[in-house]
Amino acid sequence: VTTFKSWGLEVVIGRSIEAEYYQFAGSDELRTADLQTMLDDTEVKAIISARGGYGTTRLLDQLDFTGFKKSPKWIIGFSDITALHCHLLGLGFESIHGIMPSLFSRPGSDEALESLRRVLFGGYISYQAPAHAFNCAGTAEGILMGGNISLLNTIIGTASDVDYTGKILFLEEIDEYLYNLDRMLVQLKRSGKLARLAGLVVGHMTDMRDNAIPFGKTAVEIIQEHTADYTYPVAYNFPTGHEPHNLALICGRNARLQVTGQGSFLEYITEQTV
């Protein structure tokens, strides 16, 4: 709250912030009603999730976006919020994949927080990432989309699923077994989604797990294996995901990805629309 006020913003606290219902921040009914109220309130210009976790997909089919379509606003968050970002993209709206308040005070998050402020206030956004052995050189333009791999898999075949054709996809993951990461990449590949991309951005693979009998590949090696046959540019080492260096990305906006031997560069090529 202090951070937002220092940016000159007025803060409204949702009813679910202090609620508890087993593993959830309140019952599905409470959380749905809370989010619906914020979606419908024309005075609210941005909604930021306090944290990720689990539960977004339980709410999506109960939400009414009629008011939001008439008075759109930024939706901000990452991890479990990936499902909401994709749902909004399907409706034709941009949203922000970025740091959430529960992580504002985490050491090393200053740049992530500043990137969110710049996006909220319409500043120019461009990011660079260092070279990586698995990078695939090239240039691509397309709508940026993506987020947490588990959530992208969860919404396949639902009303929140997205057409990946011509998109620049960014990926991140946390606390998953390597065999399950492989299974999710196989699903994205077999569904034809990976083949239809214009470009791929690989972010943080945080605290990945392995079994007593090793899977035999690292997280990035698994991703590289399942994308090796495609000719589009691929950028690894990108600052997005469950690490302090989690820079704000605008889902749904047209972007340009350039990958060279010196590293990768991402910039937006259309103006802010929300």
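Heads up, residue numbers simply count up from 1 along the chain you see.
A Cβ is built for glycine as well, from the same backbone N, Cα and C atoms used for every other residue.
As written in TrEMBL, here are the features:
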- Ser79: active site, nucleophile (ACT_SITE)
- Glu172: active site, charge relay system (ACT_SITE)
- His242: active site, charge relay system (ACT_SITE)
- 2-98: domain 'LD-carboxypeptidase N-terminal' (DOMAIN)
- 141-257: domain 'LD-carboxypeptidase C-terminal' (DOMAIN)
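Taking the Cβ of the residue listed as 'active site, nucleophile' as reference, residues of its chain lying under 8 Å away and at least six apart in sequence are, in sequence order, Gly52, Gly53, Gly147, Asn148, Leu151, Ile174, His242. Other Cβ atoms within 10 Å of the Cβ of Glu172 (active site, charge relay system), summed over all protein chains shown, number 26. Within 10 Å of the C-beta of His242 (active site, charge relay system) we count 19 further C-beta atoms, all protein chains included.
Taking DSSP states H, G and I as helix and E and B as strand, the domain 'LD-carboxypeptidase C-terminal' (141-257) has 31 helix, 34 strand, 52 coil. Per DSSP, the domain 'LD-carboxypeptidase N-terminal' (2-98) is made up of 42 helix, 12 strand, 43 coil.
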